[in-house]
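**Student:** Handing you this structure, nothing more for now.
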Amino acid sequence: MVKNTDDVSVSTPAKEGIMQGNGAWCVVGFPPCKDNKCYCCIGGRTHARYSTMAECRHACF
């Protein structure tokens, strides 16, 4: 049985990011960047951490 994670209440830090048409996101405040000091590429061609949004967008999209 697959559990629907939408029903789970989880406290997450505020996230900000930019999404591209391919579904990739660069976000801050998302693990492993919980301290809001780096940007993470989610759903893109990399899953690395970057120090700036510009670096993340260039690598991720």
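Every residue gets a Cβ built from N, Cα and C, even glycine.
Feature list, courtesy of Swiss-Prot:
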- Cys38-Cys60: disulfide bond (DISULFID)
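Could you place the listed features in the three-dimensional structure?
**Tutor:** Cβ neighbours within 10 Å of Cys60 (disulfide bond), excluding its own Cβ and spanning all shown chains: 25.
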**Student:** List the residues of the same chain that sit at least 6 positions away from Cys38 (disulfide bond) in sequence and have their Cβ under 8 Å from its Cβ, in sequence order, or write 'none'.
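**Tutor:** Sequence-distant Cβ neighbours: Val28, Pro32, Arg49, Tyr50, Ser51.
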